[in-house]
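Just below is one structure, and these are the notes that go with it.
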């Protein structure tokens, strides 16, 4: 008996079309699998499965059903929660509730909280400048002592802290021990990995108090704030031009160091303080 005269008893539940044999129905279902027939009424993004659409809708309804058991963070999608949990499974289980920065010791977290509470209990005895974290005070003291006792044996660059030297050495060894478990990208220092993870979690904990624009890294927020304050901390010692962004300042310096006819030679010491 020919196939076209057979009873079509295999029905597609999605569109109602019928088929004589199950194998043809299975092939037909692949068409629907490639379709994105479930469309979000808020932003028109389409999905191939209704469950995926329901997960997506939480973004618009602002429901955050997936809560982290280690901290107060909550997420609208389970995948985002799983990405976030990487912060806790790493060697930094103490997480700041304000900005999600993580620390290996609780005492370091307590020091860090001063950034948000605006408390600055660590005061420099030389110039009275105050800091929210003890580590920041120690770094600052190097300004007065000028001591950089930790020297790289390869390039002779000196550092005031041994930890900074260890991080620097990875430039030479190409060592990148901090790997992202999501995309396997590796980094030489842990803080770079933390910033990278926010690409996956979509977290932007650093918010501008003026215009409410949010950023994933504190350095990006600091650079943005200068749009409002008009601050230009990078000043060229040669021509006195000022810049709000360090990258623009470095590009500008090439004008003076290009060694083209009509330009005089400038030594790095003339402008290195600003870089």
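Heads up, the Cβ atoms here are built off N, Cα and C, so glycines get one too.
If you look up TrEMBL, you'll see 10-37, 38-65, 66-93, 94-121, 122-149, 150-177, 178-205, 206-233, 234-261 marked as domain 'C2H2-type'.
Residues of the domain 'C2H2-type' (150-177) grouped by DSSP class, helix first, strand second and coil last, total 12 helix, 4 strand, 12 coil. Assigned with DSSP, the residues of the domain 'C2H2-type' (234-261) fall into helix, strand and coil as follows: 12 helix, 4 strand, 12 coil.
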